[in-house]
Amino acid sequence: MEEIGILVEKIQDEIPALSVSRPQTGLSFLGPEPEDLEDLYSRYKKLQQELEFLEVQEEYIKDEQKNLKKEFLHAQEEVKRIQSIPLVIGQFLEAVDQNTAIVGSTTGSNYYVRILSTIDRELLKPNASVALHKHSNALVDVLPPEADSSIMMLTSDQKPDVMYADIGGMDIQKQEVREAVELPLTHFELYKQIGIDPPRGVLMYGPPGCGKTMLAKAVAHHTTAAFIRVVGSEFVQKYLGEGPRMVRDVFRLAKENAPAIIFIDEIDAIATKRFDAQTGADREVQRILLELLNQMDGFDQNVNVKVIMATNRADTLDPALLRPGRLDRKIEFPLPDRRQKRLIFSTITSKMNLSEEVDLEDYVARPDKISGADINSICQESGMLAVRENRYIVLAKDFEKAYKTVIKKDEQEHEFYK
């Protein structure tokens with residue numbers, strides 16, 4: 001090295017000494033301390049004990065669930081056994097507490113009874129129909145609102161097929177009924193814009209056979225509203241309280257199916273003038289009238305429910321029923337005059353095969369006081385006389401004989417209805 005001019009020693013002396021140091025990794029190869037191992041083991045044992053306890057609890061809950069299912073099935077069978085026997089229909093009056101109540105039976109007696117634990121307490125409302133056990137009178141079931149009620153609503157296929165065109169004459173009566181019943185149901189906004197309340201009820205009165213019920217049938221045919229028809233005598237029941245309950249059922253059914261029309265025929269059966277009743281039957285009829293007045297006063301104008309009443313004894317009705325606010329419009333159906341007779345004869349005979357010699361004007365001009373039902377009876381009787389002789393044409397002699405037959409039956413005027 002010296003030969004080539006490189007001095008090694010000097011270079012080595014000049015290079016500083018390098019020191020190599022190991023990096024600090026922080027890893028310990030000696031393992032955890034003994035204290036840490038003891039903590040982990042104790043925690044493991046504790047979790048293992050908790051798992052065993054939860055497994056025991058799971059088994060206990062499964063066994064308890066099986067027992068509860070058995071009890072539930074047994075309770076269901078017991079309820080079915082109780083409900084399988086004939087039950088008594090009653091009326092829920094008042095709840096004493098969660099387990100007992102006061103109910104009324106059809107015999108008029110009230111009972112303090114127990115309530116089956118499976119019954120939904122929200123269904124127990126005053127005057128609700130309930131089923132009572134035959135022997136203990138315990139309340140075992142709640143019947144739907146429409147059960148135990150003789151009030152039925154006419155469906156679309158049960159409505160009468162009588163149209164306004166089938167009713168001869170009575171143009172004024174038709175217009176008044178349609179204004180009071182149909183128009184408020186179809187165009188309520190007209191009354192609201194004018195600022196008046198539509199009529200709540202309509203009373204149709206007049207002698208028998210003048211078309212009151214027939215016009216009500218035409219209203220039922222033409223309207224799309226629900227139509228409920230009852231007769232006044234239906235409210236008079238054997239047991240106390242049944243009549244007022246039926247009145248409530250009628251108006252409840254109408255409100256639930258609004259818009260609706262309630263037609264009460266022969267209203268004089270329950271709405272005669274009140275007096276100092278001496279018998280229980282008279283007092284019950286008066287209670288029915290009071291319930292009817294209460295229901296009509298409770299009408300909400302926003303509920304589209306209209307009431308039509310018909311009678312041939314308007315003079316016997318109670319003044320409280322006739323006052324404005326209950327029956328706002330009173331429509332009279334008098335015996336037909338000459339013009340009305342002509343229209344009724346023309347309407348009824350339009351479908352009949354009459355001979356050319358039949359002069360209807362002759363029968364119209366006769367002074368006999370006859371109703372529309374009498375005219376219909378004359379036409380029907382003349383047709384029956386033609387059938388008796390195997391003819392397809394009704395002759396004038398058939399009409400004459402039929403007229404004498406019908407009028408002879410009604411020779412005496414109806415002084416009762418004047």
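Using N, Cα and C of the backbone, Cβ positions are placed for all residues, glycine too.
Remember, it's a predicted structure, so these values are computed and weren't measured experimentally.
The N-acetylmethionine annotation in Swiss-Prot covers M1 and rests on similarity to another entry.
The phosphoserine feature in Swiss-Prot is assigned to S21 (among others).
As annotated by Swiss-Prot, phosphothreonine applies to T25.
The phosphoserine feature in Swiss-Prot is assigned to S28 (among others).
The ATP binding site annotation in Swiss-Prot covers G206, P207, P208, G209, C210, G211, K212, T213 and rests on sequence analysis. The Cβ of G211 (ATP binding site) lies under 8 Å from the Cβ of I167, M170, Q173, F333, G372, each on the same chain and at least six residues away in sequence.
Neighbours of K397 (N6-acetyllysine), defined as other CB atoms within 10 A of its CB across all chains, total 14. Taken from Swiss-Prot, the feature N6-acetyllysine covers K397 (among others), and the record attributes it to similarity to another entry.
If you look up Swiss-Prot, you'll see K401 (among others) marked as N6-acetyllysine, on the strength of similarity to another entry. The local packing around K401 (N6-acetyllysine), expressed as other Cβ atoms within 10 Å of its Cβ over all shown chains, amounts to 15.
When the Cα of K397 (N6-acetyllysine) is compared against those of the binding-site residues G206, G209, K212, T213, the shortest separation belongs to G209. A distance of 28 Å separates the Cα atom of T213 (ATP binding site) from that of K401 (N6-acetyllysine).
Its Cβ taken as reference, C210 (ATP binding site) is surrounded by 26 other Cβ atoms within 10 Å in the chains shown. Classification of G211 (ATP binding site) by DSSP places it in coil, neither helical nor stranded.
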